[in-house]
């Protein structure tokens with residue numbers, strides 16, 4: 001049981017795919033101007049990573065090495081297409097805001113990285129948990145970045161006004177910097193600094 005807990009929870013803080021491995025940065029910049037889009041994107045990535053790990057692990061002993069990457073990409077692409085269609089069917093407005101970024105999950109290094117590094121070498125259940133854990137690690141960072149950017153950029157959370165803007169007769173002057181992509185770099189950089197302060201073993205040697 002402790003082994004399963006370690007597989008599931010280590011990627012959240014100790015081995016976070018964004019904060020430690022610096023993977024999946026592009027989507028962290030693109031979809032975190034609103035907490036709503038960040039949440040949907042996070043859920044899509046979590047589902048794709050978990051199930052791609054599961055399916056790759058199930059067939060790992062039956063796929064020749066020469067076509068391994070091709071098979072993995074086919075599995076990942078199929079899952080991404082399903083996720084994209086589900087979002088379009090049930091969350092059409094959010095789907096329009098996410099634009100092409102759901103489709104670009106196919107190129108997300110986290111998904112292929114876990115399939116190659118973990119699912120090919122471990123049994124299905126452990127691979128599935130590893131996928132969920134890495135998806136949760138990705139989710140934590142995306143939601144935190146989305147929370148900060150939407151709150152301080154537009155004074156809202158999930159579209160609801162939290163800090164009334166001066167344009168609407170309120171007291172808060174929205175900081176447009178938080179709505180620009182570079183702000184996500186600074187926020188993620190601060191998260192990396194905080195995590196490595198509490199986990200000094202993550203600090204890279206000179």
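Placed from the backbone N, Cα and C atoms, the Cβ positions cover glycine too.
As annotated by TrEMBL, transmembrane segment applies to 38-58 (among others).
Annotation comment: TrEMBL describes 70-92 (among others) as transmembrane segment. Beyond the ends of the transmembrane segment (70-92), by six or more residues, the same chain brings 40, 44, 47-48, 51-52, 55-56, 59, 63, 98, 102-103, 105-106, 111-112, 115-116 to within a C-beta distance below 8 angstroms of the stretch.
Here TrEMBL flags 98-120 (among others) as transmembrane segment. Same-chain residues lying 6+ beyond the ends of the transmembrane segment (98-120) with a Cβ under 8 Å from its Cβ atoms: 17, 21, 23-24, 26-27, 30-31, 37, 40-41, 44-45, 48-49, 52-54, 56-57, 60, 68, 72-73, 75-77, 80, 83-84, 87, 126-127, 130-131, 134, 138.
Under the heading transmembrane segment, TrEMBL lists 132-152 (among others). Non-local neighbours of the transmembrane segment (132-152) in the same chain are 7-13, 15-19, 24, 27-28, 31-35, 37-39, 41-43, 45-47, 49-50, 110, 114, 162-163, 174-175, 178-179, 183-184, 187-188, 191; each lies 6+ residues outside the stretch with a CB under 8 Å from one of its CB atoms.
For the transmembrane segment (172-195), the list of distant contacts is 13, 16, 18-20, 25, 28-30, 32-33, 141, 144-145, 148-150, 152-155, 163-166, 202: same-chain residues at least six beyond its ends, Cβ to Cβ under 8 Å. The transmembrane segment annotation in TrEMBL covers 172-195 (among others).
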